[in-house]
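Here is the structure we will look at.
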Amino acid sequence: MDHFLYRDGELFAEDVPLREIAAQVGTPAYVYSSATLLRHYRLFDEALSSMPHLVCYAVKALSNVAILKLLGDAGAGMDVVSGGEYARAKAAGVPGERIVFSGVGKTREEMRMVLEGGIRQVNLESEPEMLALSEVAAELGVEVPVTVRVNPDVDARTHAKIATGKSENKFGIPIARAREVYAEIAQLPGLKAVGIDVHIGSQLVELAPFEQAYRKVAELTEALRADGHTIERLDLGGGLGIPYTRSNEVPPLPTDYGALIERTVGHLGCEIEIEPGRLVAGNAGILLSSVIYVKSGEGRDFLILDSAMNDLIRPAMYDAWHDIVPLIEPAAGTQSQPYDIVGPICESGDTFARARPMPPLSAGDIVAFRSAGAYGAVMSSEYNSRPLIPEVLVNGDQFAVIRQRPTYEEMIARDSIPEWL
Ligand SMILES: *Cc1c(COP(=O)(O)O)cnc(C)c1O
């Protein structure tokens, strides 16, 4: 559930009419709901309440510092995958003890940064990375808590670009090699194994793949303990999917997911970490966009919007569906008509939807893309020299711009012309 609902015939974000935000901030713009973000974080927190746990929000889903502060102040930990995300989490006031560092290719500079700034644990993804971290930690004279991300060879049954738990994917080490790797860690200076990490993919709409993976992690926990290792933490990753449309089947709820975790690994007495991103942020954000033109083509009408694939790349990248709704609620009985909904970018891939049934719309009308909070703004670019669009955070009846729309001058100022030119 979210807090973007029609009231008195128009779409609101919590208690703010979106029309008002569009008028003040302009379109396109991302708008987020504090109440929805907090609600989703708390659903996970409550779902794990029977076990010691930390919900580490996956920063990559939506990484604006104001969002991180909102969640961090509510008690969330953070899962970061780069030095930049670590810097954002710290800038939001999240202490290092609540930040876990994931990612396939951590550089030594990034390792130094988190060891100096404080880190709860580093999730290792390969043996070369393990050796590098050992060297960096030994140089700094510290011992860093680590887990090894194991690849359980489980089919997450999601889009190929976001499946990460099959043996052919680049992530983690094969689970069959785990005992050898933990034995190596025990011999290396600067590293202290504390647990196991697994993350099998994103936008999972069923629990079975999680169950398969977590059972393998439970078995491995027992094997590693028998080998004499201390396994006291299990980082079970993120990946729980969200409904992108109301008509589809509804993915499992955080409560079902929590019950599954308890059933599969609860008996081990470990502290549980999870790293949800999409489910926290996805339905907590919308993308506001105006119709620039309605163009009649051959056998189809195009809605040409002022937002484009550079602002929201999910449809082009993952063939993703987003519900697109007008700010003004259509009167009961309004006949819908099919539109191809596109942006102004010079690529056919800049298409948000084809033959999408919509109420009749005209130039100047405003629409909202639902479920655009996660992997929206964070994946945007300035392709076609379209400046990054603003982000707005709503809280009850107030709202604030949490990222300004840059001017053309600001955008261009990042380039420089060499003296000799
Ligand atoms: C992307 C990612 C997540 C978050 O995935 P969601 O599908 O957004 O919940 C968590 N952990 C790791 C390691 C990731 O790469």
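Our numbering is plain: 1 for the first residue shown, then up by one each step along the chain.
In case you wondered, yes, glycine gets a Cβ from its N, Cα and C as well.
From a predicted model like this one, the values you see are computed outputs, not experimental measurements.
Annotated domain 'Orn/DAP/Arg decarboxylase 2 C-terminal' per TrEMBL: 30-373, in sequence order.
Annotated N6-(pyridoxal phosphate)lysine per TrEMBL: Lys60, in sequence order. Counted within 10 Å of its Cβ, the other Cβ atoms near Lys60 (N6-(pyridoxal phosphate)lysine) come to 23, all protein chains included.
For Gly239, Glu275, Pro276, Gly277, Arg278, Tyr375, the entry in TrEMBL reads pyridoxal 5'-phosphate binding site. The Cβ of Gly239 (pyridoxal 5'-phosphate binding site) lies under 8 Å from the Cβ of Ala156, Thr158, His199, Ile200, Gly201, Ser202, Gln203, Leu204, Phe210, Pro276, Arg278, each of which sits 6+ residues away along the same chain. When secondary structure is read from DSSP and collapsed to three states, Gly239 (pyridoxal 5'-phosphate binding site) falls in the coil class.
Look at TrEMBL and you will find Cys346 tagged as active site, proton donor. A sphere of 10 angstroms centred on the C-beta of Cys346 (active site, proton donor) encloses 9 other C-beta atoms.
Here the binding-site residues are Pro276, Gly277, and the one ringed by the most other CB atoms within 10 angstroms is Pro276. Take the mean position of the Cβ atoms of Gly239, Glu275, Pro276, Gly277, Arg278, Tyr375, the recorded pyridoxal 5'-phosphate site; other residues of that chain with a Cβ within 8 Å of it are Ala58, Lys60, Ala61, Ser202, Gly238, Leu240, Leu279, Val280, Ala281, Ala374.
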